[in-house]
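K.L.:
Once you've had a glance at the structure underneath, I'll fire off some questions.
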Amino acid sequence: MGVKELWGVLTPHCERKPINELRGKKVAIDLAGWVCESLNVVDYFVHPRHHLKNLFFRTCYLIWEQVTPVFVLEGVAPKLKSQVIAKRNELQFRGVKPKNSPECTQSQPSKGDKGRSRFNHVLKQCETLLLSMGIQCVQGPGEAEAYCAFLNKHGLVDGVISQDSDCFAYGAVRVYRNFSVSTQGAQAAAGGAVDIYDMREITSRMDFGQQKIIVMALLCGCDYCPDGIGGIGKDGVLKLFNKYKETEILDRMRSWRGETDKYNALEIRVDDKSICSNCGHIGKTQSHTKSGCSVCRTHKGCDESLWKEQRLSIKSELTLRRKALLSPDFPNEEIIAEFLSEPDTIPNLNLNWRQPNLVKFIKQIGHLLQWPEIYCFQKFFPILTRWQVQQSKQEKILIQPHEIIKKRTVKGVPSLELRWHDPSGIFKGLIPDKQIAEYEAEHPKGIEELYYTIEPLDMLETAYPDLVAAFLKSKEKPAKKTTRKKKTASEEENKENEPNSKPKRVVRKIKAQPEENQPLLHQFLGRKKEGTPVKAPAPQRQQCSTPITKFLPSDLESDCDAEEFDMSDIVKGIISNPNAKPALTNHDGHQLHYEPMAEDLSLRLAQMSLGNVNESPKVETKRDLSQVDQLPQSKRFSLEDSFDLLVKGDLQKLARTPVERFKMQHRISEKIPTPVKPLDNISYFFNQSSDNADVFEELMNSSLVPQDQEDNAEDEEEDDLVVISD
């Protein structure tokens, strides 16, 4: 169990790192912790000797990572722990005897009085397994975690692997928790991982060491006082730790029972209503808040930093003291002595890896693990070869490397695969023939495949340098030999005398021109503009209120020429100077003039062409009119050409010219009645107008007739033709 609530305080300061961080280090392992952890796995069916199986594979993993393990066995349990051991035995053997049995009421020694007889038997099996693997085991005088902490505190090992937080109370400096080599579960890791707790760093950060851990064990609970002090938790203990240093906390706790008068005076002062709870001076808190404090020299309120925080801290400590003194044996000096006591002598540990015993493992451990002999050989043989590679200078050598098969890389470490052989036949007859026959049937290489192992390259270079050098030399690629033969002098003479021999091509190297002779950029850009073809610019279109292509479909936009009806210059000239005389236009020495016409020539021509189409449709057309009539209106427009649209303009209400668009937009009548004017009236282009009247304006005014008079005007008007005379 350990110290209650201790892991919650230390976990924020731990570091999760891979197990290869422990490479080359010596670690002390609480063997009882690993065994209890394996025995508590009851959620699913496991191996009947799960603790042995788990111990074997975990130890193998440490060997592959070049970590030196030191397993510490349990000694004589302290008397303080007898109560805890009895409760554990009751939970372990529950259901064996009825609770109300008369035998239980008799004053007979129970099984719990025998101590750890059954548990020690399990530890003895584990010790036999470890000795067969050549791993060092150490017997502790008392608790295993206490001896592990002792070895770590005196520098004999680099750390402690344990799940019990009691090792911190015993003085452990570096603890490895949650050791895992599995790829499944909550503590899974790809290559093995462990939580590292370094008390040196934790003490420097929060002033939390062994003495405070002992006080926490007395107040919150531990293996020697499971219940602790009722009503005291982690938060109250941490507030007490913040008030006192690591070296003061244990003496302060011992003074709770001895210095009664001192704490009684503190209780009277803390609870005194005549003393201000903020500043600690004489006077009530309410009066100081309103009128101020004369000692603090304030007119309103008082200095809270003098007494308020200190009062709360003292009050919290007095509350813990009051609860702790309810226990008659608090503070228990036996528990404090158990955590602070150490063995008298420091042992001389021989941490060298001893030779593994394959025969002992198969004979003694194989039946406990319920493994067949060939499986035991397959799992244990790599341990023997690794020991021989590391301890190659030993005189007693059992097997020899036969050859190196190939290169390998294991977790980024360069390695080699070897095949070993047994020259003295020590392992002959160790595996039954039946198992060998079954193995050879499944593996084509036969029994020799059991003698294949993978070892690190650096270890092999130290142990067997000649074998490694020969293998690496055999893997080197020889230099490539040129297959081209050198020509002799006679062959060269014959080649020169051949008539068909082609002369050698001489490659001329072009020298780079100096920068002074290089052409400049403006010489490339300075071309003649006279003969250079230039793209004609697009005609500029003027924006107006009525776009040119507003009432025309897309295929008739090209039929209109905007420049032909551009009268902007004429309008500007009239507006800018209305009194100016118009310029006369001559043609072959004669002045041009015109006669007004009643209708638009283009409109008249369109009506005439429309009438001809309705009376006699042309036979030459190749369109199928029946199919065209069935199409929608938009499709029919797209199938007809521009001439058809011009002819059917009146029916489709389309504008054919810009003038017609202007009339349709402003609802100007297309049929204009002939105004009554003098016969000698001439165009505004000439300066012969009578009565100084603008004929163009009169023409426009007369054109604004209602739309409903259009039909009547059509019957009355006659066709007027434009006459242009020389």
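Glycine is no exception: its Cβ is also placed from the backbone N, Cα and C atoms.
Feature table excerpt (Swiss-Prot):
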{"type": "REGION", "residues": "1-90", "note": "region 'N-domain'"}
{"type": "REGION", "residues": "96-116", "note": "region 'Disordered'"}
{"type": "REGION", "residues": "131-227", "note": "region 'I-domain'"}
{"type": "BINDING", "residues": "Asp164, Asp166, Asp223", "note": "Mg(2+) 2 binding site"}
{"type": "MOD_RES", "residues": "Tyr439", "note": "phosphotyrosine"}
{"type": "REGION", "residues": "478-521", "note": "region 'Disordered'"}
{"type": "COMPBIAS", "residues": "488-501", "note": "compositional bias 'Basic and acidic residues'"}
{"type": "COMPBIAS", "residues": "502-511", "note": "compositional bias 'Basic residues'"}
{"type": "REGION", "residues": "704-726", "note": "region 'Disordered'"}
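So where do these features actually land, and what's packed around them?
P.N.:
Mean pLDDT across the region 'N-domain' (1-90) comes to 83 in this model.
Remark: secondary structure over the region 'I-domain' (131-227) totals 35 helix, 20 strand, 42 coil, with classes taken from DSSP.
For the recorded site, Tyr439 (phosphotyrosine), the DSSP three-state label reads helix.
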K.L.:
Take the Cβ of Tyr439 (phosphotyrosine) and count every other Cβ within 10 Å, whichever protein chain it belongs to.
P.N.:
19
K.L.:
Fill in the CA-CA distance, Asp166 (Mg(2+) 2 binding site) to Tyr439 (phosphotyrosine), as an integer in Å.
P.N.:
49
K.L.:
Asp223 (Mg(2+) 2 binding site) to Tyr439 (phosphotyrosine): how many Å between their Cα atoms?
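P.N.:
Cα of Asp223 (Mg(2+) 2 binding site) to Cα of Tyr439 (phosphotyrosine) measures 51 Å after rounding.
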K.L.:
How far is it from Asp164 (Mg(2+) 2 binding site) to Tyr439 (phosphotyrosine), counting Cα to Cα, in Å?
P.N.:
44
